[in-house]
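*Asks:* Sharing a structure, written as structure tokens. Questions coming.
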Amino acid sequence: MSTTLSAPPLGLLLEDIVRRHRPRQNAGSVPTNIPFLATVPFDRFGIAVATTSGEVFSSGDAGVPFSIQSISKVFTLAMALQGGRSAGLWSRVLREPSGTSFNSLVQLEAEKGIPRNPFINAGALVVTDHLLEETPDAATQLLRFLTEQAGSPGPFIDEAAAAGELDSSSRNLALAHFLKDFGNLTRPAAVVVENYVRQCSIMMTCVQLAKAGLFLANNGQGTSGTVLSPSETKRIGSIMLTCGMYDAAGEFAYRVGLPGKSGVGGGILVIVPGRCSICVWSPRLDAKGNSLAGTAALADLSDRTGWSVF
Ligand code: GLU
């Protein structure tokens, strides 16, 4: 795959990215509501690139499973849009950046139970509720979807991590109860939150996630066939660009110039339309909840390759 003329071959470039960006000191933070995440060593750093021509390049800890957390929201949205299943969804959740934290109760109350977008927690709870119309276990469905797209077994739900998060899920439960009160949740709040937390607790490696996200860079074509139409795929990319990085979507677009979705486990999935899907992971987060080293690495990679949607 060609990059800019001055860039080294991709494998060497990724090795250099790991050398430059692997954290040398324990800077940044971990979320307080998910005890498991505090146990992950601060100096983990992995990166993988899966190309639309079928190649995979990786470096660093790209084979170490990590908690995908909110990156799951991209894939639950894709599942909800598959095969015309989206009927009714877009009257329950909007597609605007939230401009507030991803788990804001105030905004949901002020906006009468209609979440700003599917990538904040309230929006993802609505998407999960939508999926639960067809299956009692949306988390296991998501796991199957991710395993199929990754092309090999490996992803798993870390049930212990999920149980740990469920013990301190008061805020997500509050969001679900607000949604219910406004008539925007069909299933019981506790059922939706449990499914949502188990989705977030799926463990995957950078290589697996880059491969699983490839359909988003490839007009909706995944490892084993069509996942979404080109137009639905474009729309998910648009929501990633505008809403995928918590309250730092503008800053991320400025620095990286690509649609992305991050999770508080320190992973970021990024799409280069027509070219590749990239997953970077490093567990310590900036003040907005995005991987510190991961964001810096992606800014560096996009500058050195010229990959950008702009
Ligand atoms: N499970 C996390 C929560 O609901 C996900 C947060 C995230 O990655 O944005 O708080």
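Each residue, glycine too, has its Cβ placed from N, Cα and C.
Nobody curates TrEMBL annotations by hand; they come from automatic prediction.
Just lifted these from TrEMBL, have a look:
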BINDING   SER70, ASN121, GLU165, ASN172, TYR196, TYR246, VAL264  substrate binding site
*Asks:* Near ligand 1, meaning Cβ under 6 Å from any of its atoms: which of the binding-site residues SER70, ASN121, TYR196 fit that description?
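*Replies:* SER70, ASN121, by Cβ distance under 6 Å.
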*Asks:* Cβ distance under 8 Å to ASN172 (substrate binding site), same chain, sequence separation 6 or more: which residues?
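*Replies:* Non-local contacts for ASN172 (substrate binding site): ASN103, ASN121, LEU125, VAL193, TYR196, VAL197.
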*Asks:* In three-state terms from DSSP, label TYR246 (substrate binding site) for me.
*Replies:* helix
*Asks:* Would you mind pulling the DSSP three-state label for ASN172 (substrate binding site)?
*Replies:* helix
*Asks:* Once the chains shown are all counted, how many other Cβ atoms turn up within 10 Å of the Cβ of ASN121 (substrate binding site)?
*Replies:* 24
*Asks:* When a 10 Å sphere is centred on the Cβ of GLU165 (substrate binding site), how many other Cβ atoms does it contain?
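*Replies:* Around the Cβ of GLU165 (substrate binding site), 25 other Cβ atoms lie within 10 Å.
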*Asks:* So which of the binding-site residues is most packed in, judged by how many other Cβ atoms lie within 10 Å of its Cβ, out of TYR196, TYR246?
*Replies:* TYR196
*Asks:* If you pair up every Cα among SER70, ASN121, GLU165, ASN172, TYR196, TYR246, VAL264, the residues annotated as binding substrate, what's the maximum separation in angstrom, rounded to an integer?
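*Replies:* Looking at SER70, ASN121, GLU165, ASN172, TYR196, TYR246, VAL264 as a set, their Cα atoms extend up to 20 Å apart.
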*Asks:* Around the C-beta of SER70 (substrate binding site), how many further C-beta atoms are within 10 angstroms, looking at every protein chain?
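*Replies:* Its Cβ has 23 other Cβ atoms within 10 Å.
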